[in-house]
Amino acid sequence: MVHLTPEEKNAVTALWGKVNVDEVGGEALGRLLVVYPWTQRFFDSFGDLSSPAAVMGNPKVKAHGKKVLGAFSDGLNHLDNLKGTFAQLSELHCDKLHVDPENFKLLGNVLVCVLAHHFGKEFTPQVQAAYQKVVAGVANALAHKYH
């Protein structure tokens, strides 16, 4: 559960309504793979990840980034039940994919950076603070099934 004030919730949903999920998702996942290259090991089937340009232009990275942001969008609609919303994804990433849950925090922080880049002055410190709460809540929910 994420505790947002009504103002924070409005800020999050208002900005999210302007997000191009295809573009932002691919950029966020791509930046994660470039900035934290050890995360690439989970994406062996994605082909060429040999350089920042290859990662950022990789269609599989873009497609998976869109999928990730689709799940994030779903979470925004269920802020009162993030653990339930992300239960299956948590189990998948824990039991089958063996993803270090710290990576969820990294991706959340990268997403905040990408949003700041895309929205500039509209991404005020108050909006950032609200999004930091949301990405922390999502990361916590995704780590929930870990032992």
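Note that Cβ sites are derived from N, Cα and C of the backbone, with glycine treated the same way.
Noted in Swiss-Prot for the protein shown:
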- Val2: N-acetylvaline (MOD_RES)
- 3-147: domain 'Globin' (DOMAIN)
- Thr13: phosphothreonine (MOD_RES)
- Ser45: phosphoserine (MOD_RES)
- Lys60: N6-acetyllysine (MOD_RES)
- His64, His93: heme b binding site (BINDING)
- Lys83: N6-acetyllysine (MOD_RES)
- Cys94: S-nitrosocysteine (MOD_RES)
- Lys145: N6-acetyllysine (MOD_RES)
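Each of the modified residues Thr13, Ser45 was assessed for Cβ neighbours inside 10 Å, and the highest tally belongs to Thr13. If you check the modified residues Val2, Thr13, Lys83, Cys94 against Lys60 (N6-acetyllysine), none has a Cα inside 10 Å of its Cα. His64 (heme b binding site) is surrounded by 17 other CB atoms, counting those within 10 A of its CB over all protein chains shown. Taking H, G and I as helix, E and B as strand and the rest as coil, DSSP gives the domain 'Globin' (3-147) the counts 116 helix, 0 strand, 29 coil. Annotation note: Val2 (N-acetylvaline) sits in a coil segment as assigned by DSSP.
You'll find the Cα of His64 (heme b binding site) roughly 12 Å from the Cα of Ser45 (phosphoserine). The modified residues in question are Val2, Cys94, and the one with the fewest Cβ neighbours inside 10 Å is Cys94. Within 10 Å of the Cβ of Lys60 (N6-acetyllysine) there are 15 other Cβ atoms, across all protein chains.
Taking Cα separation as the measure, Ser45 (phosphoserine) is nearest to Cys94 of the modified residues Val2, Thr13, Cys94. Here Cys94 (S-nitrosocysteine) is compared against the modified residues Val2, Thr13, Lys83, and the shortest C-alpha distance is to Lys83.
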